[in-house]
Structures are given as C-alpha cells and as structure tokens.
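What follows is one structure encoded as structure tokens, with my remarks underneath.
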Amino acid sequence: MSNGVVLHLRAESKPLEHRSALTPTTASALLNAGYDVRVERSEQRIFDDSEFEMVDAALVPEGSWTEAPADHIIIGLKELPEDDFPLKHTHVQFAHCYKNQGGWEDVLSRFPKGKGTLLDLEFLQDESGRRVAAFGYHAGFAGAALGVEVWAWQYAHPGEEFRGVKPYPNEDALISHIKSVVTESSAKIGRSPRVLVIGALGRCGKGAVDLALKVGIPAGNVLQWDMAETAKGGPFVEIVESDIFINCIYLSQPIPPFIDTESLENPNRKLSVVVDVSCDTTNPHNPVPIYSINTTFDKPTVPVPVNGGPPLSVISIDHLPTLLPREASEAFSNDLLPSLLSLKDRESTRVWQEAEKLFHSKVATLPSS
C-alpha cells in the first residue's frame, strides 16, 4: 500500500560520477515500505537501469526531476548543475554550501526563491552528532590508493604528468592493482613509502589506513595521527619528512595549517604526494593551503611549485569514492535507508527536523537582494 510519498532519484550530472544515493537494494526496501520510487535513467551510474527495473522501480527520463510535481522529494548525491532557476522541491543531496564554500549564496538562494527545501546529507546526524551516512571510509580508501599509485608513478615516470584513472569494478581489483604497484616500486626504490594519515580515527582515516596495510605497506610506515598528535598546532615537520600525506579531517573552524609553502622549503623534504581527501579547496579554513583547484579523475593531480627536492603533486578529487562506485553506494545507501524510511513522517522525525532547521538558519544569513 502506498504511503503517498514519491521519491525521485535524479541522474547524477557531474562528469565521471558513477555512484548513486539509492541502489536497487534500497529502492526495493523503500518500495516495500510503501514509497513510490521513480528512478531517472542514467548511462553513467554504476547500477544499470535494468537492475532498478528488476525491483519494480519506475524508470523516468534523465533530467525529468525539474518537471516533477512540487511535492515529490528529489534525491541525489552531488550538487545540481549550475543554473539560476528557482528550486520548488525538497532536495536530499550534498550541496556544499553550509561551510561558506565559494558560490554558496548562489546555490542556497535558489531554494527560497522557489519555496523549496534543502536537506543536506552532510548534516543528517543522530542523537550523538554522528552523521547517519557518509562516504568517508571509501573516500579515504580510494584517496590512499591514488596517493600510493602517484608516488610510484613519480619514480617510474619522472617529469611526466600522472594519467587519468577510471573506476574499478570492485575492491578486489583495486587492491590487486595497487599491491602490484607497491611491490614493484618498493623493490626498485629499495624501500616502501612512508604514509602519514591525519584524522586516522575517523571513517575516512580508517579507510586510508586500511588501504595502505592491505596493499602491503608495513605498519611501521603508516603513521596514524589524530587530534592528540595535532594539538600542538602545525605546520608539522613530520609531514614533509613523509612520502605521502593524506588529510582526512573534517574541519569547521580555523586551525594553524598542517603544511604551508614555507614548510615545503625544508631541505629534508621527502613529501611528494598530498591527498586532500577533505578537499575543502574554497573553505577559508583549509589546513592544506598549498593549492587552489580541485582535480578530477581524468587529471588527478595538480603540481605544487617547489625549490629543490622531489616534485610535489596534490590529489584533490571531491568525489573519490566513485573510484569504487558499487561498494561505496551500497554502504552509503544502506546507512541512509533508516532515515529515508522515516521521510513519510519527516515533520516529526528528529534527523529531518534538525536538517530543515539548519537549512532555514543558513538561509537567514543570505545577503539581502
């Protein structure tokens, strides 16, 4: 029996984004709970349209969310394409605007203009303040994999830009490839890379550490830092003395930078790869202020000018988990499912109440037009 709530899964428009907020498994659970689930067709999503058809989800044209009735709830992952038409729906997605990222006013102002609402996935929290669903683990896992591969590439192909990468069909394929890269490169260089992970106690940091260990980097070469180790304030010489630095922290207030252009002048610098998993490029609190652009899967690295020492590249891809789109989507969507099942009672459900309250609070800070 239908509960009268229509959930519309929009096709992701970000290039090379293969993840999905709903999977055939979670769509089936929602259908069984009485939700009307509409799924936009998509050629880039890791799940084929036929997989959704098999669980009896209704397939609708790609991009049709704009014409859907105003009471349909639009579900997605990444930000909407840049545009200025008012938004009339309730949108469940990552909007990347609550931390004053570049262009946040333009994004957020579209909602009050159309009487729509944003329920930002980044700020859906349980009673303890922990996010109900996050891609952090797979972001750290994928970021570490790319970091190790770029480190090996720098030694094998000096002076050459790292080539583009494509998503892996599954985790086993990724581990097998990166493990072979580590084994071959470590044998040629005579040592394994030293990896420093900041934020190692969180989901993201745990993913980065797990990847490093699974591909054969000795535990002694994987430095796991968190709040205790960073309490004294940066910059930290231990970062520049490592080969690979992976930033996994979630930052909401200013702190001294972990590294800066001055610390890169250290004559003992070994650092050649920075993976900024947090990827807050436009955040005024960015603790890795040595670069200014996001990178992409077709151009994964951006060089950082340095005087002497090894070349230095930054990986700053803001949708790293799509390197493992199937596993990442399944894990995230399963974690999100209990909250989605409560959407029919969202006005009295704490997680949605708090998300809407935050939305209205942020809208109130918009500059007067």
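The first residue you see is number 1, and the count goes up from there.
Backbone N, Cα and C define each Cβ position, glycine as well.
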Exercise for the section: If you have TrEMBL open, could you say which of C97, C204 makes the disulfide with C248? Expected result: C204
Practice task
Rounded to the nearest Å, what's the C-alpha distance separating C248 (disulfide bond) and H96 (active site, proton donor)? Just drop the number here, would you?
Solution key: 17
Completion exercise
In whole Å, the longest Cα-Cα distance within the recorded NAD(+) binders R130, G202, R203, D226, T230, Y250, V277, I317, D318, H319, L320 is 26
Exercise for the section: Write out the long-range same-chain contacts of L320 (NAD(+) binding site), meaning residues 6 or more apart in sequence whose Cβ is under 8 Å from its Cβ. Expected result: H138, A139, A142, G143, L146, V277, C279
Exercise for the section: Quick one: of the recorded positions K78, H96, C204, which has its CA closest to the CA of R130 (NAD(+) binding site)? Expected result: C204
